[in-house]
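Record features, source Swiss-Prot:
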BINDING   L23, R24, G65, K68, T69, T70, E131, D132, Y133, R174, Y184, R221  ATP binding site
BINDING   T69  Mg(2+) binding site
BINDING   R313, R318  DNA binding site
REGION    1-184  region 'Large ATPase domain (RuvB-L)'
REGION    185-255  region 'Small ATPAse domain (RuvB-S)'
REGION    258-336  region 'Head domain (RuvB-H)'
Amino acid sequence: MYDEERIVSGDSFEGEDLNEQSLRPQTFDQYIGQKLLKDEISVYIQAAKQREESLDHVLLYGPPGLGKTTLAIVIANEMGVKIKTTTGPAIEKPGDLVALLNELEPGDVLFIDEIHRLPKNVEEILYSAMEDYFIDIIVGQGPTAHPVHFPLPPFTLVGATTRAGLLSAPLRARFGIVGHMEYYNEVDLSQIIKRSAQILSTGIDDEGAHEIARRSRGTPRVANRLLKRVRDFAEVKHKDKIDTEIVQFALDLLRVDKVGLDRTDRKLLKAMIELYDGGPVGLNTIAANIGEESDTIADMIEPYLMQIGFIKRTPRGRMVTLAAYEHLGIKYNKEG
């Protein structure tokens with residue numbers, strides 16, 4: 001069974017978003033990483049402000065924990081407008097969407113996380129709202145049913161998804177700005193960790209920050225989570241600052257290895273090696289053998305393993321690479 005609170009998961013834990021708020025950057029000057037995307041959106045914001053228009057609709061996609069919500073907040077702040085946040089599953093019926101849109105003022109940002117999970121009837125109403133700033137909904141039932149026209153102020157929809165492929169073509173086509181959120185490099189993650197440590201009034205040296213960064217799976221949310229856990233160990237050990245020694249001690253105890261793999265990652269790789277000679281093997285077969293949902297593997301486990309070159313996809317299925325064998329200390333017997 002998948003552990004919803006894997007410490008290296010990019011997903012947020014229950015209540016974690018509230019704790020993260022103090023660490024979130026509020027402006028582009030504070031926002032570290034994603035330089036190309038940040039520079040691109042910054043230009044669009046400056047142009048929209050010069051024309052005194054709302055920013056075009058923005059779609060952000062990529063693995064969880066990379067800062068899609070934070071970037072939406074920064075966009076609103078840079079535009080000088082308010083932001084209203086919700087999720088796709090929370091908008092259950094057209095009336096829920098109407099209520100959200102009616103609260104917006106001209107230029108405001110509506111952020112919908114997990115936008116790929118919007119119900120179809122809600123998504124269809126969103127088309128005219130995004131394109132022409134109005135919605136038509138049917139009020140009443142039977143013979144008394146009639147359409148009601150709701151004009152809307154110009155607004156910016158920022159949609160976020162971890163599964164861009166699940167978005168319908170009509171919805172995807174209505175986003176003028178599409179940004180791919182990429183995994184962070186260790187230099188940027190180290191800067192994020194040092195900034196967070198400063199906000200948390202926690203001392204940390206460069207080597208300690210780098211050691212956390214290399215185990216953070218390219219993900220700021222994971223980096224901040226590991227920082228907080230290491231801080232606990234440092235305080236209990238009466239360390240005046242976080243250094244490499246305390247990071248290694250804490251994260252080894254938490255079973256997060258030097259490249260950020262945890263027990264679930266290692267279980268997956270070892271099952272593929274021991275049961276299927278490293279592959280190729282189908283996703284559903286892997287899922288059945290390790291007791292996980294195939295969607296969980298595809299969304300939460302596999303992307304990082306592919307990013308670091310430990311798994312590769314082939315037409316016949318997934319395969320474990322030589323690099324993964326070497327990392328796990330398992331002899332590689334395949335030829336070719």
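Just so it is clear, glycine is given a Cβ too, placed from its N, Cα and C backbone atoms.
Annotated features taken from Swiss-Prot, shown on the structure.
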residue	record	Cβ within 10 Å
L23	ATP binding site	18
G65	ATP binding site	26
T69	ATP binding site	21
E131	ATP binding site	11
Y133	ATP binding site	16
Y184	ATP binding site	25
R313	DNA binding site	13
R318	DNA binding site	23
Exercise for the section: Give, as a single whole number between 0 and 100, the mean pLDDT over the region 'Small ATPAse domain (RuvB-S)' (185-255). Expected result: 95
Fill in the blank from the handout: Here the Cα-Cα span from Y133 (ATP binding site) to R313 (DNA binding site), rounded to a whole number of angstrom, reaches 42
Fill in the blank from the handout: R318 (DNA binding site) and G65 (ATP binding site), compared by Cα position, are separated in whole Å by 24
Completion exercise
Reduced to three DSSP states, the region 'Small ATPAse domain (RuvB-S)' (185-255) has 50 helix, 2 strand, 19 coil
Fill in the blank from the handout: Rounded to a whole number of Å, the separation of the Cα atoms of T69 (ATP binding site) and R313 (DNA binding site) comes to 30
